[in-house]
Structure formats: C-alpha cells, structure tokens
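Peer 1: Quick one: structure below, then a few questions.
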Amino acid sequence: MYPVDLHMHTVASTHAYSTLHDYIVEAQQKNIRLFAITDHGPDMADAPHYWHFMNMRVWPRLVDGVGILRGIEANIKNIEGDIDCTGPMLDQVDVIIAGFHEPVFPPQDKDTHTAAMIATMARGDAHIISHPGNPKFPVDIRAIAEAAAKYNVALELNNSSFIHSRQGSEPNCRAIAEAVRDAGGLLSLGSDSHIAFSLGDFTHCERILQEVNFPQDRILNVSPRRVLDFLEQRGMPAIAELADL
C-alpha cells in the first residue's frame with residue numbers, strides 16, 4: 001500500500017459522503033501518512049463555494065500523525081487551458097489537480113482535448129492532471145505524456161476509473177502509464193474517494209503499474225517526502241509542519 005492519497009472528495013462536494021474528520025480516522029487505520037482533500041472547483045454545479053477554498057487556512061496541517069494537504073480538483077474550462085482556480089485561491093491551496101468534467105467542458109474531439117490539456121499544463125498552475133484516461137475525452141496519449149514530462153506535471157492513475165466511474169478507462173490508463181514511463185514523467189495515484197472507506201485504495205492502479213513495470217521512483221505516492229519535494233520543486237512554499245512526515 002502507498003502511504004499517500006492525492007485525490008478525494010468530502011461532503012463539501014455534495015455528491016460525496018465523508019468529512020475531513022472521517023478521512024483522518026480512516027487514514028490512521030490504514031497507515032496513510034498524508035492525503036490531499038481535492039474537492040471540485042467552483043464551476044461544477046455541486047462544488048463548494050469559493051469561500052470554502054479561501055478558508056482552508058483554518059485546517060490543521062497535522063492531526064495525530066496524519067498530514068493534510070489543502071487541494072482542489074479544478075476544472076479545465078476551455079482550449080486555452082484556463083481552470084477555475086485563479087487569483088487569491090492559488091495562494092490557499094497546496095496541490096492543484098485539473099481535469100475534464102462534462103458539465104464544465106462538454107466532450108469534443110481528440111485534437112481539442114489534447115490541446116486543452118497541454119495548454120493547462122503549460123500555464124503552470126496545475127500539478128496533476130486527473131483521470132486523463134477518461135474515454136469520453138480521448139487525447140493523444142503520447143503527446144500528453146511528453147508534455148507532462150516537459151512541464152513537470154504528474155498524470156494520474158485514478159482507481160475509481162476502473163470500478164465506479166468513467167467505464168472503459170482501463171486500456172487508456174495502461175497506455176498512459178506506458179507513455180509516461182517512456183517519456184520519463186511522473187504518475188500520481190488517486191483513489192478519487194467519495195466516501196472515506198475508499199481512502200488509499202489503489203488496487204487497480206497497482207495492477208497496471210506492475211503490468212507495465214513502472215519505476216517506483218517516479219510515482220509521487222511512494223512517500224510524503226516525495227510529494228512535498230515535488231510541490232516545492234513546482235514553486236510551492238515548504239510546509240514546516242509536515243517536514244518530519
């Protein structure tokens with residue numbers, strides 16, 4: 001099991017069912033040392049209000065040995081790569097995941113999806129691209145992997161894509177893992193948990209990683225320190241409270 005989960009949702013996204021406290025308890029039981037709460041960006045219909053993200057500064061950084069990252073799953077809005085995490089919000093989050101969601105960016109064609117995803121990476125705010133294997137948003141996988149390596153953005157293997165949502169993702173996810181491996185890029189693992197019991201469940205992601213012989217040192221989730229070093233390399237300030245995780 002990997003000790004870090006970088007994608008999950010709380011009741012602040014109203015189609016999810018657990019609180020921050022629920023996740024802390026589950027993390028302690030599963031020996032998860034660091035997780036990121038990444039509720040949906042405000043352009044989604046049931047997303048938290050802008051104030052939710054602006055007030056995340058009240059969250060503790062460390063609770064009973066479990067580190068907490070303040071995150072967002074932002075929406076890619078257009079072919080120019082705009083996302084719905086801008087201005088003062090950028091100063092309140094530690095980790096920015098960005099991805100396509102149908103209510104914000106209706107599926108179009110492969111070239112448009114590829115251009116929008118690469119533009120998002122090039123803009124420099126997103127650290128991770130969420131569920132890039134979604135078959136409703138086909139992309140040029142090789143081009144995406146090469147751009148991610150160029151811009152130091154991690155592509156996500158999303159465990160939920162194999163079991164609950166985005167059915168038909170598995171062939172794309174395998175191809176993405178292979179392409180990222182060959183491009184020298186990074187992968188991020190996300191449970192995409194919408195209820196605390198799913199925290200840290202990477203069962204299907206781990207199977208893909210083994211099948212393609214993906215290098216462990218290029219998976220962010222191998223340790224809290226690996227994640228924190230990556231975020232600092234990307235220009236985020238060091239988080240003193242998490243230094244000893």
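Cβ coordinates come from backbone N, Cα and C, glycine included.
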Peer 1: Looking at Swiss-Prot, HIS7, HIS9, GLU73 are annotated for Zn(2+) 1. Which of ASP182, ASP192, ASP201, ASP217 sits in that same site?
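Peer 2: Checking ASP182, ASP192, ASP201, ASP217 against Swiss-Prot: the Zn(2+) 1 site match is ASP192.
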Peer 1: Please identify which of HIS21, HIS40, HIS204 is recorded by Swiss-Prot as part of the Zn(2+) 2 site containing HIS15, HIS194.
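Peer 2: Answer per Swiss-Prot: HIS40.
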Peer 1: Swiss-Prot records GLU73, HIS101 as Zn(2+) 3-binding residues. Which of HIS49, HIS131 is assigned to the same site?
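Peer 2: My reading of Swiss-Prot gives HIS131 as the candidate in that site.
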Peer 1: Ranked by the number of other Cβ atoms within 10 Å of their own Cβ, which of the binding-site residues GLU73, ASP192 ranks first?
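Peer 2: Output for this query is GLU73.
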Peer 1: Per DSSP, HIS40 (Zn(2+) 2 binding site) is which: helix, strand or coil?
Peer 2: strand
Peer 1: Between HIS131 (Zn(2+) 3 binding site) and GLU73 (Zn(2+) 1 binding site), what is the CA-CA distance rounded to a whole number of Å?
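Peer 2: The Cα atom of HIS131 (Zn(2+) 3 binding site) is 11 Å away from the Cα atom of GLU73 (Zn(2+) 1 binding site).
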Peer 1: These are the binding-site residues: HIS7, HIS101. Which one scores highest on other Cβ atoms within 10 Å?
Peer 2: HIS7
Peer 1: Do you know offhand how many angstrom separate GLU73 (Zn(2+) 1 binding site) and HIS40 (Zn(2+) 2 binding site) by C-alpha?
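Peer 2: With distance taken Cα to Cα, HIS40 (Zn(2+) 2 binding site) is 5 Å from GLU73 (Zn(2+) 1 binding site).
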Peer 1: In this structure, which of the binding-site residues HIS9, HIS15, HIS194 has the fewest other Cβ atoms within 10 Å of its Cβ?
Peer 2: HIS15
